[in-house]
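Peer 1: Below is a structure I'd like to ask you about.
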Amino acid sequence: MRKNSSFFHLFLSLALLLGLTKPDPDPLQDYCIADNKNPQSFYINGAPCIDPKLAVSSHFTTSVLSKPGNTKDNPFGFNVTLTNTVNLPGLNTLGLSMARVDIASNGLVPPHLHPRASEVTICLQGLLLVGFVDTMNRVFTQQLKPGDSFVFPKSLVHFLYNYDSKAPAVALSGLNSQNPGAQIVSSFTSKSPIPIEILIKGFEMNDLDVAEIRKNLGG
Ligand SMILES: *[C@@H]1O[C@H](CO)[C@@H](O)[C@H](O)[C@H]1NC(C)=O
């Protein structure tokens with residue numbers, strides 16, 4: 001009986017572990033360089049590939065992460081540059097992407113989540129306070145200096161704050177999806193506004209508060 005139950009626990013842990021760490025589906029060939037030239041009249045899950053005979057080294061390289069993003073026009077003072085199938089066509093179907101995160105002094109990448117990816121981030125420059133919230137509402141935070149890394153589990157709300165009031169910060173992230181997606185946790189600025197009654201009840205505030213927050217966030 002005891003043996004059975006420990007076997008069951010092992011089986012369960014393995015199943016959970018495998019299920020939770022899956023990146024995008026495995027490619028069926030060496031690579032599938034995204035075909036960005038021929039506009040498609042149909043939609044598939046990912047991007048179609050070019051003829052593998054036409055593959056060249058430049059399909060597998062990009063310099064987009066070499067340049068700092070402009071943080072001045074962003075109300076929170078951050079700018080994320082992400083590799084994708086357009087600026088790095090060779091990453092199509094490989095189940096990964098990278099992001100350069102520039103954060104102005106005391107700037108914030110506000111609480112957000114990636115529905116399709118876990119993220120590992122390394123602080124390259126500056127001082128960061130990073131953290132995430134788990135589904136039991138526990139918060140895990142850490143201060144990072146250059147060279148320190150932190151992981152954000154898939155789909156959990158997380159943030160990056162530059163707690164240095166004088167210098168900008170730079171972080172580099174790896175994500176285990178070619179298209180991680182990002183959702184900022186702000187119910188106030190969706191494209192077609194969430195009904196005001198929902199915000200008033202959901203956040204226990206009045207209509208003036210909702211209007212002010214919407215205005216501050218530019219929504
Ligand atoms: C991020 O930086 C790039 C490069 O400077 C700029 O073109 C882009 O508009 C910036 N994005 C935001 C949201 O400010």
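Every residue number used here counts from 1 along the chain in the order it is shown.
Even glycines carry a Cβ here, placed using N, Cα and C.
What TrEMBL records for this protein is below:
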type     : residues                       : note
BINDING  : HIS112, HIS114, GLU119, HIS158 : Mn(2+) binding site
BINDING  : HIS114, GLU119                 : oxalate binding site
DISULFID : CYS32-CYS49                    : disulfide bond
DOMAIN   : 63-211                         : domain 'Cupin type-1'
SIGNAL   : 1-23                           : signal peptide
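Are these features on the surface or tucked inside, and what touches them?
Peer 2: Here HIS114 (Mn(2+) binding site) comes close to PHE152, LYS154, SER155, LEU175, SER177, PRO180, GLY181, ALA182, GLN183: these same-chain residues lie at least six apart in sequence, with C-beta atoms under 8 angstroms from its C-beta.
Long-range C-beta contacts of GLU119 (Mn(2+) binding site), restricted to its own chain and to partners at least six residues apart, with a cutoff below 8 Å, comprise ALA99, VAL151, PHE152, HIS158, SER173, GLY174, LEU175, PRO180.
In three-state terms derived from DSSP, CYS49 (disulfide bond) belongs to an extended strand segment. Around the Cβ of CYS49 (disulfide bond), 18 further Cβ atoms fall within 10 Å across all displayed protein chains.
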Peer 1: Name the residues of the same chain, 6+ apart in sequence, whose Cβ is under 8 Å from the Cβ of HIS112 (Mn(2+) binding site)?
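Peer 2: Same-chain residues close to HIS112 (Mn(2+) binding site) (Cβ under 8 Å, separated by 6 or more) are VAL157, HIS158, PHE159, ALA182, GLN183, ILE184, VAL185.
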Peer 1: Output, ordered by sequence, the same-chain residues six or more apart from CYS32 (disulfide bond) with a CB under 8 Å from its CB, or 'none'.
Peer 2: GLY46, ALA47, CYS49, ASN92, THR93
Peer 1: Suppose you look only at the domain 'Cupin type-1' (63-211); what would the mean pLDDT be?
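Peer 2: Computed over the domain 'Cupin type-1' (63-211), the mean pLDDT is 94 on the 0 to 100 scale.
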